[in-house]
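Undergrad: Copied straight from TrEMBL:
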TRANSMEM  15-37  transmembrane segment
TRANSMEM  44-62  transmembrane segment
TRANSMEM  68-86  transmembrane segment
TRANSMEM  93-112  transmembrane segment
TRANSMEM  118-136  transmembrane segment
TRANSMEM  156-177  transmembrane segment
TRANSMEM  183-202  transmembrane segment
DOMAIN    231-285  domain 'DUF2179'
Amino acid sequence: MTTDAPALLRRLRRYAFTVPWNLLLLTAGSLMVAFAIKCVAAPHGLLAGGVSGLALLGFYVMPALDTGAWYFLLNVPIMALGWFLVSRRFVLYSLYGMAATSVFIERLTYVLPVSDPWLAVIACGVALGAGIGVALRSMGSTGGADILAVAVRERLGMPIGRFEFLFNVCVFALGFATLKLEAVLYSVAMNFLAGWVTDACLNMFSERRMALVITTRPDALVQAVLHRLGRGATILPARGGWSGEDRPVVLIMLNNLEMKRLEELVYEIDPGAFLIMGSGFNVTGQGFSGRKEY
């Protein structure tokens, strides 16, 4: 039995918008965020960004309340605000993510057994960044500053990254007044790493390649791409700068796994073709990622 790869990919993309898949992503992301906060950050005196950072500050100042309780209490007014300013679907998913994170923080008792603060910084940054990145690939979040950032973007047009940067500046300013300078500086490094890992998680399966092929057989190449690669192609009119001759250019969008197959197709059809590959494109539309609406 042969597998129709394009049809399988279409089914997987449709499944990415289903409730079970979103809940799975939120659960996994919440567990990683909770591990970073409860098992690494809190025992080593580190400060996370966002509402989780405020929860850690609350725990350091008033340890009678666990970090999970602080996280839950701080998120309640934010969820209420998001209910009216953002979509209810986004808030409901985020409510689940916030509740799951709070429960995991309460239940986890493991403490990462490292004494070197830089090892704690690396472990916390990777776990926190991966958790946030996995959660944000769903239709919700783990709560906190993400909801405020989306609300501010919808109302004021401020980019999410800029708002979260300003929010974290306020959190670390409070940290300077509460914690030792050394702990705050370690925390800045940890959050920088967490941001890098978050971006890596968000772009891991979204990065696409753009191929430009200058060929004397554009029609044959387009047919091969359509039927053998399962991708679309666009023929662009072009003219050689040196020769002045008309020479069509074929534009193709594809993912990383299809690059080698395209290269083989191109030089099988036209050994004299000129192939250009570009990376780092985020493509939204038929055959690729759907538009994410909150």
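The backbone N, Cα and C atoms fix where each Cβ goes, glycine too.
Show me how these features fit into the structure around them.
TA: Same-chain neighbours of the transmembrane segment (15-37): 48, 52, 55-56, 67-68, 71, 93, 96-97, 100-101, 104-105, 108, 110, 123-125, 127-128, 130-140, 142, 194, 290, counting only residues six or more beyond its ends whose CB sits under 8 Å from a CB of the stretch.
Here the transmembrane segment (44-62) has Cβ contacts under 8 Å with residues 33, 36-37, 68, 70-71, 74-75, 78, 112, 114, 117, 120-121, 124, 128, 143-146, 164, 167-168, 171-172, 174-175, 178-180, 183-184, 186-187, 190-191, 194 of the same chain, all six or more residues outside its ends.
When Cβ-Cβ distances below 8 Å are used as the criterion, the transmembrane segment (68-86) is approached by residues 34, 37-38, 51-52, 54-56, 58-59, 94-95, 98-99, 101-106, 143-144, 147-148, 150-151, 154-155, 294 of the same chain, each at least six residues removed from its ends.
Residues 22-23, 26-27, 29-31, 33-35, 37-40, 43-44, 66-69, 71-72, 75, 79, 82, 120, 123, 135, 138-144, 146-147 of the same chain lie 6 or more positions beyond the ends of the transmembrane segment (93-112) yet place their CB under 8 Å from a CB of it.
With DSSP states grouped into helix (H, G, I), strand (E, B) and coil, the domain 'DUF2179' (231-285) comes out at 14 helix, 21 strand, 20 coil.
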Undergrad: Excluding the flanking five residues on each side, which residues at least 6 beyond the ends of the transmembrane segment (156-177) place their CB within less than 8 Å of a CB in that stretch?
TA: 47, 49-50, 53-54, 57, 145-146, 148-150, 183-184, 187-188, 191
